[in-house]
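Look at TrEMBL and you will find 12-30, 42-66, 87-114, 159-180, 201-220, 232-250, 281-304 tagged as transmembrane segment.
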Amino acid sequence: EGAVFLRKKITLLRAFSLLIGSMVGSGIFISPKGVLKNSGSVGFSLVVWFACGLLSMFGALCYAELGTRITKSGGHYIYILETLGPLPSFLFLWAEFFAIRFISDLLFLLWNFLDSSLETTFWLSPDMGYSCSNVVSSPDMVLTLNSWSVTWSARLQTALSIVKLLALALIIVPGMMLLVEGHTENFQNAFDRQSLVLDKLPLAFYAGMFAYSGWFQTSFVREELVRPERNIPLAVIVSVITVIVGYMLTNISYYTVLGTQDVLASPAVAVSFVQRAFKSLISVVPVLVALSCFGTMNGGIFTFSRTLFVASREGQWPPLFSMIHIRRHTPLPAVMLM
């Protein structure tokens, strides 16, 4: 009864959820150890976390400007195509799909197979590890929702973003309560210059930036955003500020409850935190982290499938993947390939 195209169904709330859901993944539950180890002290690690947030904000604002001027979806790919030309964009596309996405996922599956107990990540026992790993690594639900309806996959992303914020609140609230009560002993001599090694700082920033990655996701779905000139900047600013505040408070809570030695000794800081703060919720944390990773996976498949769709439309990917389901208005072949 009309033209078949991707409908504008990403509202401001859904754009905000997409960014929150993409940024808050496993990083904040694991990365504090890497940031602290390579920055040398509590004070410098907090500075690194804040600086990473500012860098992410600058990058996100640049992408917000690009998103309001270049009206196509596709994210990094379409910006390279529009500015540098077809050859760099072609090379980026195939490197992104085969080298970055495909190989990294393959290595992750291989690592899961070799380390089946998953004791080096979030899990407290092999049983919990297997059950949560199935939730994280199984793409069936994400494939079904993204193929069936943009609206329902966006609603799932909104729900999982709320879960992510609740997981952060679960860490922030008890830490802030202890801090208000006067437990500041772990912040004594916070800026110890003797432990600062400048050549390790890039590794601290690498761990911090990993936790913030995902601030560019709205640019991948630009054509499906409602009122993009207004909603892209708003979603970017609000979401990045929310994540910066959340990450800073979460790290302060970690240090208040655990201290530097416990953070460095812990394979999963969030689990160690809950073990120390309130053991009654110890079984909840792996599930929350699993759902957090699940939300990041949903956001990644939702957005990068649009890159394949746009690349196919531009003639740099097989034509099949520019097709849209005639009734569901979803890029079904691109989603299935992801």
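Including glycine, each Cβ sits where the backbone N, Cα and C put it.
Quick caveat, the model's predicted, so the values are computed rather than measured.
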Folded-back contacts onto the transmembrane segment (159-180), same chain, C-beta under 8 angstroms, at least six residues removed: 16-18, 20-21, 24, 28, 246, 249-250, 252-254, 256-257, 270, 273-274, 277-278, 281, 284-285, 288-289, 291-292, 294-295, 298
Task: Flag the pair the transmembrane segment (42-66) / the transmembrane segment (281-304) as in contact if three or more Cβ pairs fall under 8 Å (sequence separation 6 or more).
output: no
Message: Can you tell me which parts of the same chain pack against the transmembrane segment (232-250), counting only residues 6+ beyond its ends and a CB-CB cutoff under 8 A?
response: 12, 15-16, 18-20, 23-24, 28, 32, 46, 49-50, 53-54, 56-57, 60-61, 63-64, 67-68, 165, 168, 171-172, 175-176, 211-212, 215, 218-219, 222, 225
